[in-house]
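Down below is the structure, laid out as structure tokens.
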Amino acid sequence: MSGSYPSPKGIHPFLLLALVVGGAVQASKIVGGHEARPHSRPYVASLQLSRFPGSHFCGGTLIHPRFVLTAAHCLQDISWQLVTVVLGAHDLLSSEPEQQKFTISQVFQNNYNPEENLNDVLLLQLNRTASLGKEVAVASLPQQDQTLSQGTQCLAMGWGRLGTQAPTPRVLQELNVTVVTFLCREHNVCTLVPRRAAGICFGDSGGPLICNGILHGVDSFVIRECASLQFPDFFARVSMYVDWIQNVLRGAEP
């Protein structure tokens, strides 16, 4: 894998690889965040088991009226034919009139490597076109290979647990995070919350990282434990996949 990872100052790339492969935990919750204003993040999707309404297991982002971007590992062990995609949600246990529910007609992967947590992105084609408006809207994509500088402020969000032993929240949570470049890889955007234990964790994989109003990351994994203060949180870098995404979207047009 030489050449695949940048070498952060003072960190050998093979040490970073060992940490990622040996200590990665796929992300699923927002630790230390707060409740989002209802329906203020209209691009956020909830992936649920069709037989169990409200059974959120991963997040996603609407990037086109017929497509949701999520993490590839979300459907590694679950058939996409058993999944319902919910848009326009805030309270997952409430029958909100804003909610729109879809099945999946097709999935598109891009060389996902689960051993090294690379290319952790997956496109879900919905069975019909979403009705766009105030509560359901499409997120903006970055330019191909667009980068984020150290210190960029972003927003992570999801319905994952509020702590390791805490229950799963009913309502959407969000957290202000800061982009960091140490202990990161070119395939990822990495973030920390300075000076406090907060971040992503078990249960909200696939959810968005929004920076300057643009979708820059897909919630992917953490190293060793959640909100450790030692390692950043890892998101799949959306800007690496924009050309691939656009090719999929063009190919799906009638």
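Numbering starts at 1 and runs along the chain as displayed.
Including glycine, each Cβ sits where the backbone N, Cα and C put it.
As recorded in Swiss-Prot, the features of this protein are as follows:
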ACT_SITE  His73  active site, charge relay system
ACT_SITE  Asp120  active site, charge relay system
ACT_SITE  Ser205  active site, charge relay system
DISULFID  Cys58-Cys74  disulfide bond
DISULFID  Cys154-Cys211  disulfide bond
DISULFID  Cys184-Cys190  disulfide bond
DISULFID  Cys201-Cys226  disulfide bond
DOMAIN    30-250  domain 'Peptidase S1'
CARBOHYD  Asn127  N-linked glycosylation site
CARBOHYD  Asn176  N-linked glycosylation site
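Ranking the recorded positions His73, Asn127, Cys154, Cys184 by Cα distance from Ser205 (active site, charge relay system) puts His73 first. Considering only the recorded positions His73, Cys74, Asn127, Cys184, Cys190, the residue whose Cα is spatially closest to the Cα of Cys154 (disulfide bond) is Cys190. Scoring each of the recorded positions (Asn127, Asn176, Ser205) by how many neighbouring Cβ atoms lie within 10 Å, the top position goes to Ser205.
DSSP assigns Cys184 (disulfide bond) to coil in the three-state reduction, outside any helix or strand. The recorded positions near Cys58 (disulfide bond), taking a 10 angstroms Cα-Cα threshold over the set Asn176, Cys190, Cys211, amount to none.
Here Cys74 (disulfide bond) is compared against the recorded positions Asp120, Asn127, Cys184, Cys190, and the shortest C-alpha distance is to Asp120.
Residues belonging to the domain 'Peptidase S1' (30-250) score a mean pLDDT of 90 in the model. Around the Cβ of Asp120 (active site, charge relay system), the same chain contributes Ala71, Ala72, His73, Tyr112, Val218, Ser220, Phe221, Ala236, each under 8 angstroms and 6 or more positions distant in sequence. In sequence order, Val179, Val180, Thr181, Phe182, Leu183, Cys184, Pro232, Asp233, Phe234, Phe235 are the residues of the chain that are 6 or more apart from Cys190 (disulfide bond) and have a CB within less than 8 Å of its CB.
The Cβ of Cys211 (disulfide bond) lies under 8 Å from the Cβ of Leu148, Thr152, Gln153, Cys154, Leu155, Val179, Val189, Gly217, each of these being in the same chain and 6 or more residues away along the sequence. Comparing the disulfide-bonded residues Cys58, Cys74, Cys154, Cys184 by how many other C-beta atoms lie within 10 angstroms of each C-beta, the top residue is Cys58. Asn176 (N-linked glycosylation site) and Asn127 (N-linked glycosylation site) have their C-alpha atoms 33 Å apart, to the nearest angstrom.
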